[in-house]
Structures are given as structure tokens and as C-alpha cells.
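J.: According to TrEMBL, the protein carries these features:
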TRANSMEM  73-97  transmembrane segment
TRANSMEM  103-120  transmembrane segment
TRANSMEM  127-146  transmembrane segment
TRANSMEM  166-187  transmembrane segment
TRANSMEM  199-221  transmembrane segment
TRANSMEM  241-265  transmembrane segment
TRANSMEM  277-298  transmembrane segment
TRANSMEM  334-354  transmembrane segment
TRANSMEM  366-383  transmembrane segment
TRANSMEM  403-423  transmembrane segment
TRANSMEM  461-488  transmembrane segment
DOMAIN    516-709  domain 'STAS'
Amino acid sequence: MMQPSGKQYVVTRPLYSEDSFVEQYEKVVRKRKTLLDHIRLYFTCDSKRAKNAALSLLPIIGWLKIYRVKEWLLSDIVSGISTGLVAVLQGLAYSLLASIPPWYGLFTAFFPVIIYFFLGTSRHISVGAFPVLSLMVGATVTKLVPDDGPPVNITGFEGLSMDQQRVIVAASVTFLMGVFQLALGLVQVGFIVMYLSDTLVSGFTTAAAVHILVSQLKFILQLKVPGLSGPLSIIYTLEYIFTQITDTNICDLVTALVVMVVVFVVKELNDRFKSKLPVPIPVEVIMTIIACGVSYAFNFKDKYGVDIVGKIPTGYESPMAPNLDIIQRTAVEAFPIAIVGFAVAFSVAKVYAVKHDYLIDGNQELIAFGVSNMFGATFKSFAASTALSRSAVQESTGGKTQIAGLLSAVIVMIVTLAIGYLLEPLQKSVLGAVVIVNLKGMLMQVREVPYLWRKDRPDCVVWVVTCLASILLGLDLGLAVGLGVELLSVVFRTQFPRCSTLANFKGTDIYRDRKDYHSVNEPYAVKIFRIPSPIFFANIEFFRSKLVESVGFNPLRVLRKRNKALRKIRKMLKKGELRITEKGLQNTGHFPIEESGDESNMEDLDQPTDFSGLPVQVNWNSELPGNICVPRVDIHSLILDFSAVSFLDISAMKGLKTALKEFIRVDVDVYIVACDPYIIKKLHGCNFFDEEIETSLFFLTVHDAMLHILEKHPYSPTIDSVCEKVRTATQGLLGEKSPETRF
């Protein structure tokens, strides 16, 4: 057992109720801003606010002023070239997930990066295609333009090939995604990402990795599998794959397996020796170049019928306006894509911001990604966010600012304008293999489940439900289900908090849960009850039931029993069946007296006990005449610890007021301690106090309330050590108005 440190402190101060504390210490009167004040302030403009707004909207101004050319430029150049090569490869690969021709992935690795360079606040993330977003866009694309059957009747599709139609769908969805992100950023709701917990995002991205893995099997095996979306689409996709498994192209399969093995092994070596390597080995780029050369040299397309990237157009296409018909049909799909894209990018940006000690702005990030996606969509790129592996390359190769990102875009532009034709012999199975190998990090998140089960089971349930729902129902519905389960878990945690009864450590002012320690003592005839959550409409009844369980009796039942007993006593006195003696009320005869079962006038039974007209005060804890039985009340005081109660709503106030009155009417003094001043102010404003419930029941701390109880009940046969300590510490002071305490 750990021994005390020997350090002590002694505090001498008056005993404080909330009323006495307010009387002694004057509060600062603060003027609360009204909604009109906030609106007026928001639209007020001066030179300082204009400067801050410009710096906020163009973060590049802030970090360019501190840019160290001699120290950072070379690192940014090396990082930009490395990241650019990876961006080219991932752009080609992830476009397959979006169900559009591979070269449009190069557009996604170029246009959004240019805009983010000026508007983004993160200096280290690499903007471009992200597999989860690509898959979500691909699900929308194949829904409107399926592999089999005619496309949905959309204005503007006339005379276009299937690939052209799909590109228009992907670009329009991306534009709408950008609109949502920009709108959320302008109305300053970047905090919305807080509702996507790390657990939910982990379960969701793991499910997305499973979808991505299944979607790439058709490229690795070269099978004709239609793009499916919606609930159970992954099951139907696997059914298509297994029914055609005998048609597998062996050349594609062998090539993909070789690439996966080599890339996996080298990546493991990169991780193991990252402290010794100046830069990670760009194994994906190397294997892609080798595979491309081998495919060209041995003419795999003609000899073995492999599926290759094919002709890559040189240059960029002219900008296009989004298709309004598609936007109307895809609003439901675009919103979760916008949220997921921002959540992933912001999570990665936070990691690097903490590591390199600078700040990022969630609202500005929404604006940056919104404008980036809108601008990119006009040039037929698809949804952009950040890929974890690509951002890791940019940071680990020495990238200091988004100049590295800009240089990576330059590398992509060179490939698009000059040397893209060199990638034409590249097998799609190689791109699929690269995608699958890069899923390792997301798939290995499944290892979190046993840890979560041991440490936090509600979080584990959120992870498992989100993952399974996203796998079986699709990513959009799965995200909605996961978010619903997450919010329900929060509600359940607050609706059913772990309430406790507190006890005191000998010779201290420390109170803890009596079930957690051996050397604690409960005050005699006093209960100290703590609820560690807000009290609101959903948990007020739970609070009251736990309070009744803690004190050991139901005050309303006791009150009704007492009032019924008083009725009976009055009748018996009137009939002469009772007489008053020195020992109290006694029967005049030897016959038993039946307790009345009359349940009429129940409202009267809930009122305070009325002893008017009785010649003697009834001692409810003594033996009553006949067989009249009233439950005993073994406490005279109840302390409610509100230190963890952050708010009360109207329903909770009504329930609390009712509960307090029930205890007060059975002669139990109730005290509320450590209550937030905001709550007390709200109680005043809602007419909480009356003749029965007074402001004097509020005290600053549990110990203040205990000292007050000791003063009020000085002759209690206490067995509680705190009271013994208080008697010693406050000897001679109990007669004063504000006794001092030493502990």
C-alpha cells in the first residue's frame, strides 16, 4: 500500500452556504450578449478584422512570411518529387475505384492541390484521391450509369459514351460535395467532425477497406463483374467473382501477386529501418515502372490478353459546368462523402499539426476542401481529400510546407502533358495490387476490437456495428447507422450514469464512493448521493430511482403511510379507542386495530403531514398503536453532490423539485452542494424556490454541508470519524454564526 507523502495543508475559513458566500464575495456583473449583439459584431468591419479575415482565408500569407528558404526549400523539393510520383500512381489506381478511366485520377492529383496550396492551413497533408471517397463516388457512378443496362434518364447524356457519362456523374457529385463543404465552412460548423469519433472512423474505414479489397479483385483476376451498390452489394459482388473464378487471367493474377509481395516486403523494411533510411524506398513507383516495362517488352496485352491502362490523352480537357439533373439525384450521396472526406483530412492534419507545433483551423479546412473540389470538378476530377500513405511520404521525406504539395502537382502535370504515354502498357492488375497493399493499415485496425472490448465496451459496440453495417448495407447507410449508434451510446451513458453513495476518509474533507474503499466511514443518519452527469428529461426518473435505492426508502410511500396513519389516529382518538399517556399513544382496549385501506383523496396523502388538532406529536420511528405500520426513516439529512451536473432542463427541474419536497415532507433535510452557479441562476429564473425549498439548502462543498448538519444535530450518536474530527477542530465555535473549520 502506498504511504502518504507526509505533506499536509491546513485551511481555516468560515463555513459557507451559497447564500453566505455570495453575501461575503461580490460577484462581477457581466453583460450577456444577445443574439442581436452577436449579429452586429459579426457584420462589424474595421482594419484589424479585415486583416485577420484575409490571413484566415489565405493562410499562405502567414507561413510564407516565416519560410526559411535555405533550410526548407531543398527538403520541400525532395518531398515534392517523391510525393508527386506516388500521387501519379495512386491517382491512376484510385480512379478505378471511382469507376472512371484511370487518367482522370491525374486530374484529381493536380487541380485540387493548386487551390489547397493557397487556402489550406495544414502544411503537411498531400491533397488528392482517397480510396474510401473514390469508392463512395464509384458507388454513385455505377448506380446512375450501370455496367449492364441503360443509364438513368439524365439530361445531357445524349450521344455520350459510358465512360463520358460516368465522368460527368463523378464530376457533378464532386462539385456538390465541394458545395456542401464550402457551405459548412462559411457557417462555421467545422465542429461537426467532432461527432465522428475515432472509434466510428476506425470501424468505417475498416469496412471501406473490405469494400475496396473486394472491388479490386475483378482487376487482379480480370473478371467481368458489374459495379453494384446498395445493401448487400458486397455479397452479390463476391457471388459474381466466385461464379467466374475459372475465367481468371493467370498472367494478371501472377503479376499482381508478385507486385503485392515485393511492395509489402519493402514497405515492412521501410518501417523497420525508417530511422536509418534518408527517404523511404518508393517501391510502388519502382514496381510500377518495372511492370510497365515488362508488359511492353513482352507484349502481355496481345500474348495473354491482359487489361491495360490504354491510351492516356495528352493535356487537360476544357472545363465543364456541373449537371443540375445529376446534382438533384445525388444530394443524399454527396453529403456523407463531404463529411467523410473532411473528417479524414482533418484527422490527418491534426496529427501533423501537433507533431510540428502549429495550428489548423477546421472551418478554413472546410472552405479549402470545398473550393478545391468545386474547382477540380469543373476540370473533371473526382473527390479529393488526403491519403494517409501519400501524406506520410510527403512528411517523412522532409516536406515542410505546401510548397512540397505544389511541386508534387507539377510532377503530375509533367506526366499528364508529356510522358503519360509511357504508362499506357501498365496492367490494371498492377494498379489493383498497389491499392490492396496500401489497405494494410486500414485492415489492421481490426486489432483494436479486443482492446476496446476490455477497456470500453460501448465504444467496441460502436466500432463493430459501424463496421458490419458499412460492409453489409453500404458505406453511406453504414455511416448513418454508426453515427446513430454512437449518439445512442452517448445518450445511454448520460441516461444511466454510475451514481454513488459517498463516505468520508478519517480526518480529511475527502469523500469518495463507499464501495471503492475499505477505510471509509459513512456519516450517521446522513446520506451523500452523487450523480456524475447532467440531469435531463431522459434520466430524471433514473436519478430518482437511484436516490431512493441509496437512502433505502421511498419518501412518497412513507409520506402517504404517515398521512393515512394520521387519519386513523384522529378517528381512534375521536372514538376514544386511543388515550394519551407519558409513553405516548396507547390503545384503550385489547383488540387489534386494523390499518385503513382507504385510498380516497390520494392528493391529500401527498401533502405535508398536518398535526393540527392532535394533542401530541407523533414519533414516527417509535412503535405506533395497534398494527399501524409506517416505514422507518433512518436518516435526518440528505446531501446531493452536484459537482458533475453540468445542466438541468425543465423536466429535470420539475422532477428534482418533486423529489426534494417528498424528502422534506418526511422530515429529511436536503442539501445540494457544489452546484454550478449557472444552474442556480437558472433555478431562480424558473421559480424553483418556494416556502418548502429555500436557497439555504445550497452549500459550496460536501464538507460545508456536513459541518452545518453537525451543528444542527449536535447530539447524534455519530460513529463517523469526520464528525469526531469536526468536533475537535471546531470546539468552541459551534455557537458562532459561521463556524470555522480546520482540516
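Even glycines carry a Cβ here, placed using N, Cα and C.
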J.: Report, as numbers and ranges, which residues of the same chain sit near the transmembrane segment (334-354): CB under 8 Å and 6 or more residues beyond its ends.
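T.: Residues 121-125, 127, 130, 132-133, 136-137, 140, 173, 176-178, 180-181, 184, 190, 192-193, 196, 198, 201, 204-205, 327, 360, 362, 365-366, 369, 373, 383-386, 388, 391, 395, 475-476, 479-480 contact the transmembrane segment (334-354) from elsewhere in the chain.
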J.: What stretch in 166-187, 199-221, 241-265, 277-298, 403-423 has the biggest tally of Cβ pairs under 8 Å against the transmembrane segment (103-120)?
T.: 403-423
J.: As a test of reading the model: what is the averaged pLDDT for the domain 'STAS' (516-709)?
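T.: Within the domain 'STAS' (516-709), the model's average pLDDT equals 84.
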J.: For the transmembrane segment (166-187) and the transmembrane segment (403-423), check the count of CB pairs under 8 Å (sequence separation 6 or more) and say whether it reaches 3 or more.
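T.: With fewer than 3 qualifying Cβ pairs, these stretches do not touch.
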J.: Between the transmembrane segment (366-383) and the transmembrane segment (277-298), are there three or more CB pairs that fall under 8 A, provided the residues in each pair are separated by 6 or more in sequence?
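T.: Since fewer than 3 Cβ pairs under 8 Å link them, the transmembrane segment (277-298) and the transmembrane segment (366-383) do not come into contact.
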J.: Restricting to CB pairs under 8 Å, which listed stretch, 199-221, 241-265, 403-423, is in contact most with the transmembrane segment (73-97)?
T.: 403-423
J.: Apart from its near flanks, which chain residues at least 6 from the ends of the transmembrane segment (241-265) lie with a Cβ under 8 angstroms of it?
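T.: Counting only partners 6 or more residues beyond its ends, the transmembrane segment (241-265) has Cβ contacts under 8 Å with 214, 217-225, 283-284, 287, 291, 295, 300, 304-307, 427-430, 432-434, 436-437, 440.
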J.: Quick test of the contact rule: Cβ under 8 Å, at least six residues beyond the ends. What residues does that give for the transmembrane segment (403-423)?
T.: 67, 72-73, 75-77, 79-81, 83-85, 87-88, 91-92, 103, 106-107, 109-110, 113-114, 116-117, 125-127, 292, 309, 311-316, 394
